[in-house]
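K.L.:
Please read through the structure below; I'll follow up with questions.
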Amino acid sequence: HYFTVLFGHEGQKPLELRCEDELDGDEWVEAIHQASYSDILIEREVLMQKYIHLVQIVETEKVAANQLRHQLEDQDTEIERLKSEIVALNKTKEKMRPYQGNQEDEDPDIKKIKKVQSFMRGWLCRRKWKTIVQDYICSPHAESMRKRNQIVFNMVEAESEYVHQLYVLVNCFLRPLRMAASSKKPPISHDDVSSIFLNSETIMFLHEIFHQGLKARIANWPTLILADLFDILLPMLNIYQEFVRNHQYSLQVLANCKQNRDFDKLLKQYEANPACEGRMLETFLTYPMFQIPRYIITLHELLAHTPHEHVERKSLEFAKSKLEELSRVMHDEVSDTENIRKNLAIERTIVEGCDILLDTSQTFIRQGSLIQVPSVERGKLSKVRLGSLSLKKEGERQCFLFTKHFLICTRSSGGKLHLLKTGGVLSLIECTLVEETEAS
């Protein structure tokens, strides 16, 4: 199961690589196919067309919304006019009522008829009012308000649970380890504690304040004003950027510290605390990573059930846009940081080093072992020598696929990697994938 890499420029011989099984070969070909720069351009063009189409739809919806808003305003004006007419009619009736009430010698049958009519009018009014209330309860607006209230109640419960998780992280792990680092024979250093629990205590204090604010708002239900709470929270969320950026590094430091038996034994004692409920320290360190996306989802659901004329609509939209912007920045920083660390780790394993891996835009895709076979042309072996191999032998190569380059290395008897002297670093910028469908 092998495939051939052909180069469009002269001077570079074809490269033939073989896999142990068909599935692995198909995965390599698919990975190289996905690394094509031209495909990325085509996909970008398709996404741009979709984006333009969606923008046009949004503009159309805005025009329709404005028309409906104008219709509502006209109807409000008509309602006010009708109300003023009703008030005028009621005043006219009040003026006529004393003249009719002065008739002391009224027939008893007339009084009975009026009493029955009064009873019927009251019964009809109560039935009409009950129908109006029942119609509102079953209306989409009332259903939307019930869902909105439920979202707020769920957010308070989730925030309470999150504050409890941060409390366990700080009080069951951070503070005891900080004390252990100051002992006579410390199982961990203060620098490692700071690296593992960066900003954890500050994040806990921040969310305790936010949770208290939420509970105070719920106490004033059904009046719920939440936007000012997010206005307080947003400027302080920059500490999340440092925590998220440091997250992978903190897990690496924790893994290194666990190799110390004294620390590992102490950590297991902390994790046996009933407050941890059987969860490991890594689990508690991961909880803050999902909090910003959880806020974005909650605000998205809240806005879906918030009327456009609602007093908090603009403030909630602003908070959601800021959280989405912060989430994108954190995601990009984490991706870039992890990509740089992965590239540097591969670069350190190569004895000669590799300058192209120092490019921050170089993204790792895949690595693995492939069998390099001699080139065959028209049934005869070509004159191309494959490194130190003879023309009749195959050799195992450790290959690394990146977005811009393809690295081919040999492994020495000591386990160290060496780049091939000829064709070890192949540029993928001008490569084209050609598939031969013939079964032979």
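Each residue, glycine too, has its Cβ placed from N, Cα and C.
Per TrEMBL, the features are:
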- 55-92: coiled coil (COILED)
- 1-37: domain 'PH' (DOMAIN)
- 147-333: domain 'DH' (DOMAIN)
K.L.:
If we skip the immediate neighbours and take only residues 6+ beyond the ends of the domain 'PH' (1-37), which ones have a Cβ under 8 Å from one of its Cβ atoms?
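P.N.:
For the domain 'PH' (1-37), the sequence-distant neighbours (Cβ-Cβ under 8 Å, at least 6 residues beyond its ends) are 365-366, 368, 370-376, 382, 384, 394, 397, 399, 401-403, 406, 408, 423, 426, 428-435.
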K.L.:
Of the residues in the domain 'PH' (1-37), how many are helix, strand and coil by DSSP?
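P.N.:
Helix/strand/coil tally for the domain 'PH' (1-37): 14 helix, 8 strand, 15 coil.
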K.L.:
What average pLDDT does the predicted model assign to the domain 'DH' (147-333)?
P.N.:
84
